[in-house]
Amino acid sequence: MSGMPKSSKMLQYINYRMRVTIQDGRVIVGRFLAFDKHMNVVICDAEEFRRIRQKGKEDREEKRTLGMILIRGETVVSMSVEAPPPEEAKLAATSKMPPQIPGGPGIGRAVGRGMPMGGMGMGGSGPMSGLTGPVRGVGGPAPHSMMPGGGVPPPMGRGGFPPQGFPPGGPSPQGAFNNNPNNNNGGPPQGFPPGGPIGRGGFPPQGFPPGGPMGGPNLNNGNMPPQGFPPGGPMGRGGFPPQGFPPGGPNFNNMPPQGFPPGGPMGRGGFQRK
């Protein structure tokens, strides 16, 4: 409708059902949508009616559905009103706002990822609205992964931190004795020194030599004596003799000890002194 004055009489027939007759005798009936100064016409829901003449018979009319078509103004012979516009077309023409579609159960909201209108210089107790992260369930990880404490803590004694209320270091070494039924972490009960009972592989309390008390079992395979004893252990067990004693322990190979002539005492089967 470009170039047409607003006071044109053709404007009042918009959305009417019109009958357009063209030069070849066909009649187009449809809803009148638009026109221009050249009288080019746009028709929707168009139906074509053609009259066919037969010799010796009456003329018959043939109908064909076309849909939306554009009719050139140079072929238009006449136009007439066929029917008034439908009810929905009247409501759309009279109302200023288009008919609104009723909303569903959900509510669409914009995801806040931009900076707030007040800028970064605005003071406030909480974080700015543009820096709060994505809305839960939209553009981010799953909600359960954002909750604190979601991971499984590492087991005690393997490099992880102990739970709250437990001493650091995890359970005591293997072999420590636990006679406290309420103590389930393998450590010594309250009131006992660390390392478990004496002589079971733990560290001795302060003031005692390592390896257990005197007379207790030596757990180092007899190689090193406890603190305060000469090296070598008891004589005759394969260790080094104390200072002032010959090495080797008792003589079992018919050799006299150091400082005695070879052969041993006379009269016992040894070698006699020359």
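Glycine too: its Cβ is placed from the backbone N, Cα and C atoms.
Small disclaimer: the values here were computed from a predicted structure and weren't measured.
The annotation domain 'Sm' is assigned in Swiss-Prot to 5-85. Taken from Swiss-Prot, the feature region 'Disordered' covers 148-274. Residues or ranges marked as repeat '1' in Swiss-Prot: 162-171. Per Swiss-Prot, the feature compositional bias 'Low complexity' maps to 173-187, 216-226. For 188-197, the entry in Swiss-Prot reads repeat '2'. Look at Swiss-Prot and you will find 204-213 tagged as repeat '3'. Residues annotated as repeat '4' in Swiss-Prot: 225-234. Annotation comment: Swiss-Prot describes 241-250 as repeat '5'. Taken from Swiss-Prot, the feature repeat '6' applies to 256-265. The compositional bias 'Gly residues' annotation in Swiss-Prot covers 265-274.
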Fill in: Whole-number mean of pLDDT values that fall within the repeat '5' (241-250)
61
Worksheet item: What does DSSP give as the helix, strand and coil breakdown of the domain 'Sm' (5-85)?
Response: 8 helix, 47 strand, 26 coil
